[in-house]
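Features of the protein shown, as given by TrEMBL:
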type	residues	note
TRANSMEM	6-26	transmembrane segment
TRANSMEM	38-63	transmembrane segment
TRANSMEM	75-93	transmembrane segment
TRANSMEM	126-148	transmembrane segment
TRANSMEM	168-190	transmembrane segment
TRANSMEM	202-221	transmembrane segment
Amino acid sequence: MDGLIFICWLIFSGLVYIPIGALLILRSHKKSIRNRSPLLVSIAHWSNFLESALLLLSLYFYFSHSIQDRNFDTFYQIIVIIVHYSYFIAYMLRCYRVYFIFNLENQVDEEDSFFNKNIHRAGQKWLIKVFLVFLWPVFLIAILRILISGADEYFPPSYYEGQSHVTVVSEGIYLFILFLEELGFIFAVFKLRNVNDDFKMTVEVTSVCVLWVLTGMFSIFPQNWVWRVEVVIRNHLIMGISSIYPLVKSLTPESFDEVITLEMLQSLEVVLQSEITLDAFEKAIKNSNVKSYNGFEILQLWLKCENYKFKETQELKQEILSHAKHVRIHLKDPDKIQADAFNILNQYFFPVFRHSEEYRVILHNVANQQIYMTRIMQTSLGGSQTEVLIPPVH
């Protein structure tokens, strides 16, 4: 294989990574990036790029049969160690932050919750401090490789091949550290398994965790260059998930999800105007029969009358009159039929909805989303919006 392939690959990667990294910084005020903690997103992105560049450079040396002197090798390995663990720590902190904000399994009273007492832990300043605390041992190891003769025999290169000073012990240490990384990501996926959020951050960090763990399988190949190529591909995929996706979202008009509040659930008129609550209301009354009225049939009649306001066709009017006669509403005006259908729904079936499982699910989701939005606003990760958002009810 020609080593020039990897130089071309490196140049192409730079042409992609650098503009994206710059845009992530410039558009960090946008909701899709701001909610993800812009500093950690940028650290992960640039670390991703630098690790990929270093690996492609090592692949170029390998296939070009270029032998580098010991000083260059030492400098190269120091940069590799720092960049790799900047990358790893940034994602570990992102997993922690998502879990910290969106985990409500032990929630009882938000005013007296663990989150409320430790709110600073979701802020960018605290996360960067923790990042630096975890990174300083990495700098220490890098310095030891320079100052202590023979230290590089225990802090292995592993990105390089064919070097006589790489021992079984050093590779064993390296594989053990790799195992600890994967264990950390597996633990993160386990903790995030029941955490849901409206910004797809849980899906994002979980996908990164899975890709990182899968990478370890390729370390078993006797030819180390295969594993390095796979790591570069993994990094490109992670860049697409964690950098390109939020950036694309930031370039599109910010969508405003449907607003649901507790007050809305007290009025049938408002419930019928919301797609989410209408769907829940329909499910709740689908098989309900009260005073010889079938809730589902009355609701379908009301919906037909609502459609008639926007599409007044003779065919639809006849369908409404036939449906009204079927449910024993003997009127000829669609507006009056709709008003009568609404009264029946409000008097007989809205109470059914208020005591249904669908209603309890919506109440639960609204309460949770109020907490989520408050937490995000308090940690300066979601702007100053006060709306309450809920995902579709399942």
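Backbone N, Cα and C atoms are what each Cβ position is placed from, and that goes for glycine too.
Predicted automatically and left uncurated, TrEMBL annotations should be read as such.
Given the structure is predicted, the values throughout are model-derived calculations rather than measurements.
Most Cβ pairs under 8 Å with the transmembrane segment (126-148) belong to 38-63, among the candidate stretches 6-26, 38-63, 168-190. For the transmembrane segment (6-26), same-chain residues at least 6 beyond its ends with a Cβ under 8 Å from one of its own Cβ atoms are 33, 38, 41-42, 45-46, 48-49, 52-53, 56-57, 59-60, 63, 232, 236, 239, 243-244, 246-247.
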